[in-house]
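Okay, structure first, notes after.
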Amino acid sequence: MQSGKIIKSISGFYDVQLASGEVVRTRARGNFRKQKIKPIVGDLVEFESAYLLAVKPRQNALVRPPVANLDLAIVVMSAVEPDFSTNLLDRYLVYLAENQIEAVIYLSKTDLLSDSQRAAIEDRLAVYRQIGYTVCQNDGYDRSQLEALASQQTLIVMGQSGAGKSTLLNRLMPQLALETAQISSSLNRGKHTTRTVTLYPFGADGLIADTPGFSSLDLSEIDPITLADDFLEFAQIAVNCRFRGCQHLQEPDCAVKAAVATGEIAQFRYDNYVQISQELSHLRPVYRKSSKPN
Ligand SMILES: Nc1nc2c(ncn2[C@@H]2O[C@H](COP(=O)(O)OP(=O)(O)OP(=O)(O)O)[C@@H](O)[C@H]2O)c(=O)[nH]1
Ligand SMILES: [Zn+2]
């Protein structure tokens with residue numbers, strides 16, 4: 001039996017890449033299909049004589065495009081058109097943290113910024129760098145930095161419509177020549193959503209999806225109780241909260257709120273946290289009798 005990763009799926013055939021880099025075209029056996037698991041690109045599979053036998057449990061999976069076991073996502077945020085928003089960025093970061101996908105932040109359209117706009121966005125991005133995120137942008141952009149991060153990783157590009165995802169993908173993979181749409185040509189919207197995805201070699205033994213990930217986010221499955229864990233800089237400080245499981249909202253002696261007051265945690269990050277937390281709580285009411293002291 002051999003194992004590898006599905007890098008392409010076309011009409012019942014699955015191209016599986018082995019650790020050696022060799023690619024074998026396989027298909028699913030009849031009895032395998034009865035298991036009602038539809039193999040998707042990114043799946044780690046076992047096969048024999050070009051027949052798939054098993055799909056290994058997935059670390060995560062996206063629906064649009066269907067791709068499994070992502071390690072890394074490049075979150076494309078435009079500086080303008082649409083305007084840069086930490087609220088939207090934090091939603092992506094929460095989503096990715098929940099799915100154990102590492103995030104890299106990529107700022108596009110910096111060439112359209114005035115100096116003062118640029119300074120304001122730089123201030124915000126400095127906060128993300130401080131938290132530990134890698135931040136890159138379309139000018140002064142370093143392909144080798146992205147390649148180094150992507151080494152042995154499976155990655156995808158995601159971001160809202162018009163953010164510049166296809167433009168970035170074209171830069172990373174000029175051989176693909178993805179169509180970039182003028183933001184105004186709304187007829188082209190959603191064009192990528194029905195396409196199948198293929199993983200292409202990128203960096204040292206890395207793979208990159210040729211199709212951008214979704215542009216709208218569903219956070220509704222997230223448990224508001226653990227939401228704070230997705231705000232990585234809160235986690236280190238939260239050990240000093242008086243209550244274990246402190247959600248940093250109304251609780252007394254909250255180290256996170258204290259850190260916001262001193263500026264150690266950025267106010268905008270906390271505000272985004274509170275807003276997302278409230279949205280999730282409305283979706284899923286939580287009744288807690290008491291909190292245990294730490
Ligand atoms: N000036 C400038 N324009 C850019 C940059 N990146 C993207 N654009 C333009 O912004 C528009 C949208 O870019 P796309 O790459 O198509 O955006 P997308 O995220 O793939 O959009 P959807 O396909 O709608 O999801 C296009 O007109 C691009 O030419 C940039 O860095 N600078
Ligand atoms: Zn707290």
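Placed from the backbone N, Cα and C atoms, the Cβ positions cover glycine too.
Automatic, uncurated: that is what TrEMBL annotation is.
Per TrEMBL, the feature GTP binding site maps to Ser108, Lys109, Thr110, Asp111, Gly159, Gln160, Ser161, Gly162, Ala163, Gly164, Lys165, Ser166, Thr167. Cβ neighbour count for Thr110 (GTP binding site): 19 (other Cβ atoms within 10 Å of its Cβ, all protein chains included). DSSP gives Thr110 (GTP binding site) a helix state.
Per TrEMBL, the feature Zn(2+) binding site maps to Cys241, Cys246, His248, Cys254. In the three-state DSSP scheme, Cys241 (Zn(2+) binding site) is classed as coil.
According to TrEMBL, the domain 'CP-type G' annotation covers 59-217.
The domain 'EngC GTPase' annotation in TrEMBL covers 68-215. The predicted model assigns the domain 'EngC GTPase' (68-215) a mean pLDDT of 86.
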Number of helical, extended and coil residues in the domain 'EngC GTPase' (68-215), per DSSP: 55 helix, 32 strand, 61 coil
Distance-selected binding-site residues near ligand 1 (C-beta under 6 Å), from Ser108, Lys165, Cys254: Ser108, Lys165
Binding-site residues whose CB lies under 6 angstroms from ligand 2, from Ala163, Cys246, His248: Cys246, His248
Rounded inter-Cα distance in Å - Ser108 (GTP binding site), Cys241 (Zn(2+) binding site): 38
Nearest-integer angstrom distance between the alpha carbons (Cα) of Cys246 (Zn(2+) binding site) and Gly159 (GTP binding site): 31
Neighbours of Cys241, Cys246, His248, Cys254 excl. site residues, C-beta within 8 Å of centre, Zn(2+): Ala238, Arg242, Phe243, Gln247, Leu249, Glu251, Asp253, Ala255, Val256, Lys257
